[in-house]
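Q: Sharing a structure, written as structure tokens. Questions coming.
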Amino acid sequence: MALVLPLLPLLLSKVQGNPEVSLEGSPGDRVNLSCIGVSDPTRWAWAPSFPACKGLSKGRRPILWASTRGTPTVLQHFSGRLRSLDNGIKRLELLLSAGDSGTFFCKGRHENESRTVLQVLGDKAGCRPAGSTHGYEYPKVLIPLLGVGLVLGLGVAGVVWRRRRLSPPPPPPPPPGPLPTFAPVINAEPQRPLEQESKISGHLDQEPSLHYADLDHSVLGRHRRMSTVVSGDASTVYAVVV
């Protein structure tokens, strides 16, 4: 009876058609995945234990399908690391990598399945090696600070917008004045004042008219004496005083 109790979970799993196998390895090791209790497997699925390590979401996802051409189709995540060891997909070989920890499901045509639980040494929920916690703590501090800064910025913007809305509008600018006009430049002689013109005209009225001045009789006598010598064609000279 004591020997039967430890084997009871395994027996129940075989009866239910969902046998489970546990494997363990390190990155770089090769492990075999086998379908136990599934006669005609059609596909394999994988539910990662730490999906954040691979940038995946939770839940199972298909990783390999049987193909009529003989070469199974492998998901990109396991491409180059997962291959079949027989003509079908009943036995597989996987080259382990960090983050491969999880449960592998072998599904049959009648939806029966087997499970293989794989634990890769070094995989952790935080997906970080020991001694490098500082780099992962930085985003935890930075993200809340960014959130607080965003809230403060939105608050200040709201206050400024409300003040502008409540403040009276500025007065309209004054209309533009007329453009300055410039008088044309005319080169004209300065006009004399009327008073100056009257004085000038008065002086002109007082000036004596033209008259003959008294001539020196001695000169005239000398002229008479010379007239006997000079021919009669000589011109007469008159003196006019203005």
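Every residue gets a Cβ built from N, Cα and C, even glycine.
Pulled these features from Swiss-Prot for this protein:
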type	residues	note
SIGNAL	1-17	signal peptide
CARBOHYD	Asn32	N-linked glycosylation site
CARBOHYD	Asn112	N-linked glycosylation site
TRANSMEM	141-161	transmembrane segment
MOTIF	210-215	motif 'ITIM motif'
MOTIF	236-241	motif 'ITIM motif'
Q: What's the most sparsely packed of the glycosylation sites Asn32, Asn112, counting other C-beta atoms within 10 A?
A: Asn32
Q: Measuring Cα to Cα, tell me the gap between Asn32 (N-linked glycosylation site) and Asn112 (N-linked glycosylation site) in whole angstrom.
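A: It is 20 Å, counting Cα to Cα.
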Q: Averaging the per-residue pLDDT over the motif 'ITIM motif' (236-241), what integer do you get?
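A: PLDDT averaged over the stretch: 54.
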